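Novice: Supplied in structure tokens, the structure appears directly below.
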Amino acid sequence: MRCRSLSHFKDDDFAVVSEVVTHKQNHIPVIKGDFVSLPKHVQRFVAEKAELMKPSAIFICDGSQNEADELIARCVERGVLVPLKAYKNNYLCRTDPRDVARVESKTWMITPEKYDSVCHTPEGVKPMMGQWMSPDEFGKELDDRFPGCMAGRTMYVIPYSMGPVGGPLSKIGIELTDSDYVVLCMRIMTRMGEPVLKALAKNNGEFVRCVHSVGQPKPVATKVINHWPCNPEKTIIAHRPAEREIWSFGSGYGGNSLLGKKCFALRIAMNIGYDEGWMAEHMLIMGVTSPKGEERFVAAAFPSACGKTNLAMLEPTIPGWKVRVIGDDIAWMKFGADGRLYAINPEYGFFGVAPGTSHKTNPMAMASFQENTIFTNVAETADGEYFWEGLEHEVKNPKVDMINWLGEPWHIGDESKAAHPNSRFTAPAGQCPIIHPDWEKPEGVPIDAIIFGGRRPEGVPLVFESRSWVHGIFVGACVKSEATAAAEHTGKQVMHDPMAMRPFMGYNFGRYMRHWMKLGQPPHKVPKIFHVNWFRQSADHKFLWPGYGDNIRVIDWILRRCSGDATIAEETPIGFIPKKGTINLEGLPNVNWDELMSIPKSYWLEDMVETKTFFENQVGSDLPPEIAKELEAQTERIKALKE
């Protein structure tokens with residue numbers, strides 16, 4: 001079946017005057033930028049998609065400040081952005097309340113073979129690590145959406161680099177979008193503009209093709225809420241990994257529209273990494289310097305709401321320690337010529353969850369967004385300041401009038417929320433006071449430790465070290481976290497989130513684990529793998545560990561293990577835990593070490609049974625035998641544990 005949306009132009013199917021004229025005699029003016037200077041294959045991509053989506057004009061972005069000022073002025077005039085007058089160049093955006101988050105149920109991988117994308121799950125079991133759609137079905141979905149979808153709107157051409165422009169680990173993308181909000185956010189989140197096009201001409205021309213539309217051609221058929229066009233009923237976010245292509249329709253929200261982020265930097269990048277021998281992971285990267293002046297680099301993978309950004313920007317409570325951030329969300333990692341694992345942060349900004357962020361929980365994040373930042377779905381005070389849950393004690397006037405994220409009057413103490421729980425700040429990473437001087441080093445920084453973790457209210461000790469690289473992969477595959485459950489459930493439940501990658505898997509998870517195992521073979525010098533749990537609770541539901549800046553005490557122990565100190569750990573069935581007295585607890589009141597580090601036999605036996613069921617249901621026959629052996633061996637070790 002021929003799919004109109006996926007058909008390609010030949011070089012003579014279009015011509016350029018001061019406009020793009022396609023072979024079907026559609027004339028589309030280029031209102032900014034020099035179309036002729038684009039590489040020919042980029043011209044072809046832009047022309048064929050312009051023919052498909054029928055924009056009224058083409059705008060080639062250069063990433064300059066003048067361009068940003070022009071777009072911001074337009075957005076303010078239309079009411080899309082509201083200036084937060086208490087700051088320099090900070091703006092607030094309120095979205096349609098139906099378009100506020102990533103939409104996992106509408107996110108797809110498109111491959112000819114289903115099990116390239118998802119695992120062989122038993123009949124009747126829905127895979128939770130990715131969704132597959134056939135190319136034929138996808139073609140129909142595209143043709144039901146994209147033809148003519150940009151009518152009456154400008155199509156922006158965004159050339160961008162994930163990673164420093166021209167770097168050995170960096171990759172280029174070009175996003176076509178009809179949203180100027182997306183342009184402004186991509187300018188913060190990626191390296192964007194003319195330098196990318198110059199690099200593209202040098203690097204044999206490879207780029208990831210990204211197509212995004214809000215899905216509301218003009219004249220719009222439905223009412224636009226908050227000046228935010230979207231089409232939630234027809235939203236789709238789809239990836240064609242073999243073709244290095246992303247299609248997104250109907251949503252303007254960051255994770256669905258800033259296609260360099262999760263779509264490219266994780267789902268597509270992990271496919272490129274599989275082909276080229278590297279890894280794309282949902283991990284922070286931080287540099288930690290000891291009082292002796294020794295610096296090591298750590299990568300850490302936590303599910304959402306487990307403190308990744310807080311750890312990346314940690315303010316140590318122990319004198320002499322220093323933490324500097326490379327990245328807070330995504331790591332691209334490749335083994336270097338010396339055998340060590342090197343990581344870059346492919347992003348250029350922070351796209352952080354606002355609620356809960358405060359000077360108490362993360363002062364460095366707060367310092368990062370005092371200017372040049374776009375806030376989405378937070379509240380605004382009458383004084384022109386941002387506000388969200390967690391800032392109640394930082395407001396100068398607690399009785400100040402506010403407008404909440406829905407555009408309604410609001411005051412502290414009201415039952416409704418001031419900010420949406422998934423409200424965001426989009427801020428330049430370079431504004432963070434503790435950004436590492438090497439954060440843009442093209443070859444990356446050497447990783448000594450990989451840390452997994454999640455919210456585990458019971459049973460799981462504060463920290464343990466895996467027994468080996470393969471056991472560490474097993475530990476990562478077992479990551480679970482307490483999450484506020486979906487609407488059809490009540491209360492909270494602990495949910496699986498393997499490697500903190502469950503929502504972002506770009507191919508079969510069994511193959512993903514085998515990729516990790518393959519990369520761990522000699523001559524590669526693999527980092528040590530650890531698991532942390534800041535969130536263990538006592539019987540009366542109080543946290544056993546203070547967390548935040550005191551987490552440096554655990555990082556200290558981890559780094560001493562990386563230095564080869566064998567005297568500070570003791571072996572347990574699940575890995576190596578700190579010997580009593582080897583974590584610095586000075587100044588901490590009433591830490592119940594025994595409860596914090598205990599490994600309850602009954603809990604862990606039950607956990608292994610549940611994990612086995614999870615692997616059987618969600619990984620099935622794709623589970624590597626080595627991981628099955630780790631599960632079996634750990635179960636036997638736990639059985640031998642004395643009560």
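Count begins at 1; order follows the chain as displayed.
Note: Cβ is positioned from N, Cα and C throughout, glycine not excepted.
As listed in Swiss-Prot for this protein:
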- R102, Y253, G254, G255, S304, N422, S423, R424: substrate binding site (BINDING)
- K262, H282, D329: Mn(2+) binding site (BINDING)
- A305, C306, G307, K308, T309, N310, R424, R455, Y548, G549, D550, N551: GTP binding site (BINDING)
- C306: active site (ACT_SITE)
Novice: Give me the sequence-ordered set of same-chain residues, not including K262, H282, D329, with a C-beta within 8 angstroms of the centroid of the Mn(2+) site's C-beta atoms.
Specialist: K261, A265, L266, I330, F504
Novice: Using other CB atoms within 10 angstroms as the count, which residue among the binding-site residues R102, K262, H282, R424 scores least?
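Specialist: Minimum Cβ neighbour count within 10 Å, taken over the binding-site residues R102, K262, H282, R424, occurs at R102.
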Novice: Which residues of the same chain, at least 6 positions away in sequence, have a Cβ lying under 8 Å from the Cβ of D329 (Mn(2+) binding site)?
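Specialist: The answer is H282, M283, L284, K308, T309, E347, F350, F351.
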Novice: To the nearest whole angstrom, what is the C-alpha distance linking G254 (substrate binding site) and D550 (GTP binding site)?
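Specialist: Per the Cα atoms, G254 (substrate binding site) and D550 (GTP binding site) stand 32 Å apart.
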Novice: Return the count of C-beta atoms lying within 10 angstroms of the C-beta of A305 (GTP binding site), excluding that atom itself.
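Specialist: I get 16 for this one.
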Novice: Taking A305, C306, G307, K308, T309, N310, R424, R455, Y548, G549, D550, N551 as the record's GTP-binding set, what's the max Cα pairwise distance in Å, rounded to a whole number?
Specialist: 26
Novice: Given the substrate site residues R102, Y253, G254, G255, S304, N422, S423, R424, which other residues of that chain have a Cβ within 8 Å of the mean position of their Cβ atoms, reported in sequence order?
Specialist: V100, A101, F351, V353, T376
Novice: By the DSSP assignment reduced to helix, strand and coil, which category contains R102 (substrate binding site)?
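Specialist: In three-state terms, R102 (substrate binding site) counts as coil.
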Novice: Here's one to test understanding: among the recorded positions K262, A305, C306, G307, Y548, whose C-alpha is closest in space to the C-alpha of S423 (substrate binding site)?
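Specialist: Comparing Cα positions, the candidate nearest S423 (substrate binding site) turns out to be A305.
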